[in-house]
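Here TrEMBL flags 18-46, 58-81, 139-162, 182-204, 225-243, 272-296 as transmembrane segment. Under the heading domain 'G-protein coupled receptors family 1 profile', TrEMBL lists 37-288.
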């Protein structure tokens, strides 16, 4: 009697096809939402704002980082759809290098915004002196230089190789030994997630503790936005870097990439999670819309400019040199019994999800 069974090879082939189809869907959604959304943000800042505050400069840089990644999406979609890489070694390295630079720029910008807010609450006098447009531009330049440097391992380890079927070309990671693979994965996980995330959490924990001690109260909308921002950061990136750490552990133990059932599962999971992380570059305009609230109805297409212009309090802060993020006033003038400077504003970065790009399993 005939039995209805599926061979392991057929099951693996179906799994790969499903993963590729899911990745195509996620990347297509990211491109469809993120490209017009971030383009609108850039247009709003460059065309609708007469005087660009430091806040606007930061948001502009974040949107440009997102756009850079999204512009590489068609190359990866072509690979996923046709199953072979057609853009050569130079195209392979350039696309992934752009993704790496943008990822680091985004996460460093987010961390800088969080640290700036913590400084504004802990040392308001020092913060007022430091938060100027001149210093902000220097910080931005430093962030981009660091991003270009930290992404250089991509240029070393990325190349085009022949797939196991001996028919397709793959833009993949190729290491001299497993020690190199472990180093690269650990470096990316630590610098691209663990340290920045710890800095963000520590910054906002310190802000919350200090404001609670001063009996300041944040609005419900502000609290929800901060929670959403941090949760989005973790949701998009924690799974990806958990897989990175697991693969680094296997590399240190001497297991080649993709070897054995565990290695194959990690490779498949990595392909899905990097496509999910790619969505982070399309979320930012949605978060801006959430932060805008009623401005969408009252200001129409100019809501981003109105959002970044902020309140009159922020405007005065901008004249003194600007702030490093979207500001929401949380302090009343009578909060302190002694006369002194205006209490600091809490900056809420409305982009907390750094960019990513598809990384084919090595």
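The backbone N, Cα and C atoms fix where each Cβ goes, and this holds for glycine too.
Looking at which of 58-81, 139-162, 182-204 has the most CB pairs under 8 Å to the transmembrane segment (18-46), the answer is the stretch 58-81. Here the transmembrane segment (139-162) has long-range neighbours at 57-58, 61, 85, 88-89, 92-93, 96-97, 99-105, 108-109, 112, 168-175, 180, 184, 187-188, 191, 324, meaning same-chain residues at least 6 beyond its ends whose C-beta is under 8 angstroms from one of its own.
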